[in-house]
Amino acid sequence: MKKNLKRGELTKLKLVERWSATFTLAAFILFNSSFKVLAADKKVENSNNGQITREINADQISKTELNNEVATDNNRPLGPSIAPSRARNNKIYTFDELNRMNYSDLVELIKTISYENVPDLFNFNDGSYTFFSNRDRVQAIIYGLEDSGRTYTADDDKGIPTLVEFLRAGYYLGFYNKQLSYLNTPQLKNECLPAMKAIQYNSNFRLGTKAQDGVVEALGRLIGNASADPEVINNCIYVLSDFKDNIDKYGSNYSKGNAVFNLMKGIDYYTNSVIYNTKGYDAKNTEFYNRIDPYMERLESLCTIGDKLNNDNAWLVNNALYYTGRMGKFREDPSISQRALERAMKEYPYLSYQYIEAANDLDLNFGGKNSSGNDIDFNKIKADAREKYLPKTYTFDDGKFVVKAGDKVTEEKIKRLYWASKEVKAQFMRVVQNDKALEEGNPDDILTVVIYNSPEEYKLNRIINGFSTDNGGIYIENIGTFFTYERTPEESIYTLEELFRHEFTHYLQGRYVVPGMWGQGEFYQEGVLTWYEEGTAEFFAGSTRTDGIKPRKSVTQGLAYDRNNRMSLYGVLHAKYGSWDFYNYGFALSNYMYNNNMGMFNKMTNYIKNNDVSGYKDYIASMSSDYGLNDKYQDYMDSLLNNIDNLDVPLVSDEYVNGHEAKDINEITNDIKEVSNIKDLSSNVEKSQFFTTYDMRGTYVGGRSQGEENDWKDMNSKLNDILKELSKKSWNGYKTVTAYFVNHKVDGNGNYVYDVVFHGMNTDTNTDVHVNKEPKAVIKSDSSVIVEEEINFDGTESKDEDGEIKAYEWDFGDGEKSNEAKATHKYNKTGEYEVKLTVTDNNGGINTESKKIKVVEDKPVEVINESEPNNDFEKANQIAKSNMLVKGTLSEEDYSDKYYFDVAKKGNVKITLNNLNSVGITWTLYKEGDLNNYVLYATGNDGTVLKGEKTLEPGRYYLSVYTYDNQSGTYTVNVKGNLKNEVKETAKDAIKEVENNNDFDKAMKVDSNSKIVGTLSNDDLKDIYSIDIQNPSDLNIVVENLDNIKMNWLLYSADDLSNYVDYANADGNKLSNTCKLNPGKYYLCVYQFENSGTGNYIVNLQNK
C-alpha cells in the first residue's frame, strides 16, 4: 500500500510519535495541512520586499509562531514572524543577569533593548524557569506594559514591542513546559487586558510614525498569544478605518500594512481558538458572538477597495477576504460576511486572485453557497482558473511527459526543459545504475509538469490545486506532478531550468531509487534520507550532456570559506529540514563522492534501492565518525571555492532548439555503431508535440574488468568520448544525443559489459506516421455514494481502434485526480460532482467522457468526547460502535490519545481523522499482542483529513493518535467496520439497571455486594442506586466507563441529599474509591456531563 505524500524540501515531517526528534521550521507558518514542499527558491522566499503573503494556516499563529521563531541555529527569530529589532545596544543578557535585577530596573531595561539581546528568551532552561516562575516578576512586566501603554508617544514606543515579546516568550514556555503551565491559563493571560486597553486609549494609538506602527503590530501579536475581549477587538476599528481611508498612501508602506495584518491575524487566531475550547465548538457560545460587529464591518470593508487595488495592497485585501470568511460566524447574521465575499466576487474580475480567494472562502466557511442559498459552483471556478492560468498543454514521449503551462511561458523554454530532463536522466542513470521503475503502475508512469507564468500566478495553485506555494516548486509524488513557475533574475537566483533539474531529480529518486511513496517505510521514520534527497538533487542539477556532472556556481557560492562556519560531515549526514545550509553542503558531499569516491556513492545508493535501512544507517554512522573523511570533504570544499571563478551553471545548449535537417534513422543507427562499437542495437521511436525522438539500446563490451568501481569510471569516460566523437559528425542532430549505461556484468572472457542507451532527435521523414483515430473514454461507476465512502471508477472499457490506451486521467470534480485505469475515490463534502475521464492513446490522441456523481451525507451514529487520561494503551478509550465520532484534543503535555475497538469478523475497516486545526497530528493502528509494530497508518492526507483502511482479522485493535510538532489541536476520529461492543468478562454475571432511576425517590435498590450494567445518554443523564449498610463498612465502589463518555459518580447519605459523602478517583476509564461508612442508607449517583453521548458502564460494589 502506497502512501500519498510528496517528496519535498522545506517542510518534510516525519510521521513519528511526539517524543521523536521534533521538526522545526525556519520560516513563519510555512505550510498548509501537513504538505511538504521542495526546492523552495531561496531568493523568492525573500523577494517580497517586506510584503507578507497570505498565511495559509492561520490557525497556527500563536504557540507555533513562537516555536518557529526560535528554530534557527542561533536561536533567534527570522522574518516577519517576530517583532522588529530595536537594536539600541549590542549587549547580550543572560537570564542569570536578569534574575538578579529588581523588578523596576528589569522593566526599565526591557524597554530599552530588543528580544535579540536575550538569545535564550524562548528557550526553556534553569534561567528561564527561574525568571518566568516568579509570578510577581511576570506581573511587573504586565504592569510595565500597562504603564508604557499610557505613556508612549508618537516618537517613543516606551519599549512596548519588547515587553510584548517577553510576555509572548512566557506564554510559549508555559504552553510547552508543565513547570510553567500557570502562564498558559486564561486567568493570567486576561491580566493583559488592562494593558491592551491602556495602549488603545492612548491618543497615539493609530498608524503614523514607525513607533506608532510598531505599537499597533505588537498589540496584534499580544492578542494572538494572550487574550482579547469584545472591547479590545472593537477598539481596533480606528486602525482598520484609517488604513482603508488612506490606502493610496499606506498600501505601499510595509510597517503600516504589517501592523494591520498582525491585528487581523491575532484577532482571528484568538477568537477561533476560543471556539475550540467552547462547548459544541459553536461561536454562539463565546463572548464575541454578536458583540464585535463594529470590527467585522471594518474588516469586511477592506475586502472591496475598488480601483484602488494594486500590487502593493493586494496581499492585505487577500487577507481581509480570508479572515472575513473565518470570522463571519461571530455575527448574529453571518450572511453579512457572506455578502461581503459576494461583493468581492462582483467587484473583482472573474478569476482574479481576489475573486478566487473570495470564492474559496465562501466554499470553506459557507458551504460553497451565496447568501441566497445558491451554489457558487466552486469546482467550476477552479476548473476555469486552471484553463485561464494554464491554457497550454504540451506532450512528449508518447504522452509520458506532459507540460501544462501559462501562456507567457515560451515554447522554446518548454523544449529546453524537456531536453534538460534528458541530460539529468542520463547522468542520474549512470550513477544509480537502474533504469527500471521500482514499482510499475504508480502515478509517476506519466510525469506532469505545471508551470505558471509568474510567482504571483503561482500563488493561485494553493487554491485551485490545493498545494502549498511558499516555495520555488513542489513535486507531488502521489499524483506524479510537479508545480512551479517562470521567474525573472530579479525574482530568483535560480533559473527555471535549474529549479526544474532539481525537481526532476526528485521524480527520478522516487521512481528509480527510493522504494514506495515519499514518507512510506522505515527510511522516513527518522529522516535519514533528508540530506541524500536534497543534496543529490542539487548535485544532479549540474548534469551535462558530455562532461558528466559539474558543480554549480550558484550553489557553491553558498559554502562558507571559513571551515569553522561550515557543516561537518556528521552534520550533513544527520541534517533535518529547518535551514537551507544542508542543501549546499549535501551538494558538496555528493560532488566529493562523485569525483573522489564513487564506491561510497554507489554503496549508500544500493542500500536505499534495496530498502536496507539498517545497512544504510550503519554505513552513515561509520562515515560520520570518520574524521579523516571529514577532512577530505572539507579539503574538497576548499578546492571548489578556490576555483569558483571558473565554475558556471550547466544549462542545455542552443543546439537542442535549433533546426535539424532530415536524416534517415538507419544512418543514425550506423553512425552510433561506428563510433561506439555497440552490439545488438535496437531502437524505439517516441513522438512528441514538436519532434520525434529515439531510444537506442545495445551492449558494450569493454576491456578486462578491474572491479565494478573502476569499470564504471572507464565506461563513464568512454561514453563521454563516444558522444563527443559523434558530435563531430556533420549532422547537428547528434548534439542532442544523451546516453547512459546500466547493468554491469563480466563476460566469460573477463571483460566488463554494460547495457548502453542513447536518446536523441529523430528527423527521419520516412518514419511511419499515420492519421490517428481518437480513442473513446468509457466510465463505469455507481451514480451516487455516501460522503467519505469509497466509490470505484473503472475506465478499462475505454477503447482505441488503431492502437492502445496509454494513459488515464480522472478528474473527480473536487480538485482530486488519478492516473489509474481503475480508480477509487472518496468525497469529503456532499453535493453533485462531474467526474471526467480523459484517455490518451499511444499516438497522443485524447478523448474525454463525463458523468454526474451524487454524494449524500452519512451522519455518525453517535458523537462522544475522549476521556482523559488515555495516553497509554492500558488506559485506552473504547470505540464501541461503527461510525461513532470521537472528539479529542492534543497538546505538548497531552501528546498522545489511545483508543481501542473490537473487530467482530474479518472485513474492511476505515479510519478517518479530521485535523480541525491543521496542526501536526497523525495516527497509527496496532493489533493486540504486538503494540510495537503498526498494522495501518494514515495513507491518505489532504492536509486536514487523515485516512486509512485495511481488511482486518477479528480481534482487538489499538488506535494511537499523536502530535509530532508540539502544537495544540483538536480532532475528530471515526472508525467504520464490523465492530462489536464487547461486554467484559467481569460484567457477564452483572444485573441490568432498571429505569426510571433518575431521582433519589426512584433509586434502584442494589445489594452492597453486586455488579450492575447501566447506560447513560443525552436523554438519560444520571442513574441512582440505593444501598443499605448494616454495619460499619469499607464499601469499595468501582465504576468502569465502557464507552469513553464523560461520566463520574458521587455517594450521598440519605440523611443529607445536598452534600455528597464521597466521590470517585479517576484512573483512565476506571472511577473508584473505598468509602468508610456507618450503618444507614446511601445513594450512589452515576452521572454524565457535557452531553457526551450514549455509553455503557459497570458498577462493582464490594462491602469489606
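Glycine is treated like the rest: Cβ placed from N, Cα and C.
Features reported for this protein in Swiss-Prot:
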| type | residues | note |
| --- | --- | --- |
| SIGNAL | 1-39 | signal peptide |
| DOMAIN | 774-862 | domain 'PKD' |
| REGION | 865-979 | region 'S3a collagen-binding domain' |
| BINDING | GLU868, ASN870, ASP894, ASP897 | Ca(2+) 4 binding site |
| REGION | 992-1104 | region 'S3b collagen-binding domain' |
| BINDING | GLU993, GLU995, LEU1016, ASP1020, ASP1023 | Ca(2+) 5 binding site |
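The binding-site residues recorded for this entry are GLU993, GLU995, LEU1016, ASP1020, ASP1023, and the Cα of LEU1016 lies nearest to that of ASP897 (Ca(2+) 4 binding site).
Checking each of the binding-site residues GLU868, ASN870, ASP894 against GLU995 (Ca(2+) 5 binding site) by C-alpha distance, the shortest gap belongs to GLU868. The Cβ centroid of GLU993, GLU995, LEU1016, ASP1020, ASP1023 marks the Ca(2+) 5 site; residues of that chain outside this set whose Cβ lies within 8 Å of it are ASN997, ASN998, GLY1014, THR1015, SER1017, LYS1022, VAL1086, given in sequence order. Using the Cβ center of GLU868, ASN870, ASP894, ASP897 for Ca(2+) 4, the list of other same-chain residues with Cβ within 8 Å runs, in sequence order, GLU866, SER867, PRO869, ASN871, ASN877, GLY888, THR889, LEU890, SER896, LYS898.
There are 23 other Cβ atoms within 10 Å of the Cβ belonging to ASN870 (Ca(2+) 4 binding site). ASP897 (Ca(2+) 4 binding site) falls within a strand segment according to DSSP. Counting neighbouring Cβ atoms within 10 Å of each of the binding-site residues (ASP894, GLU995, ASP1020), the lowest count belongs to GLU995. In this structure the alpha carbons, written CA, of ASN870 (Ca(2+) 4 binding site) and LEU1016 (Ca(2+) 5 binding site) are 21 Å apart. Per-residue confidence over the region 'S3a collagen-binding domain' (865-979) averages 89 (mean pLDDT, predicted model). Ranking the binding-site residues GLU868, GLU993, ASP1023 by other CB atoms within 10 A of the CB puts GLU868 at the bottom. Between ASP1023 (Ca(2+) 5 binding site) and GLU868 (Ca(2+) 4 binding site), the C-alpha separation comes to 22 Å. The Cβ of LEU1016 (Ca(2+) 5 binding site) lies under 8 Å from the Cβ of LYS1022, ASP1023, ILE1045, MET1047, VAL1086, TYR1087, GLN1088, THR1094, GLY1095, TYR1097, each on the same chain and at least six residues away in sequence. Distance from the CA of ASP1020 (Ca(2+) 5 binding site) to the CA of ASP894 (Ca(2+) 4 binding site) is 30 Å. DSSP labels the residues of the domain 'PKD' (774-862) in these numbers: 0 helix, 48 strand, 41 coil.
Residue density at ASP897 (Ca(2+) 4 binding site): 27 other Cβ atoms are found within 10 A of its Cβ, drawing on all protein chains shown.
Separating the Cα atoms of GLU993 (Ca(2+) 5 binding site) and GLU868 (Ca(2+) 4 binding site) is a whole-number distance of 26 Å. Looking at ASP1020 (Ca(2+) 5 binding site) and GLU868 (Ca(2+) 4 binding site), their Cα atoms lie 22 Å from each other.
DSSP assigns GLU868 (Ca(2+) 4 binding site) to coil, not to a helix or a strand.
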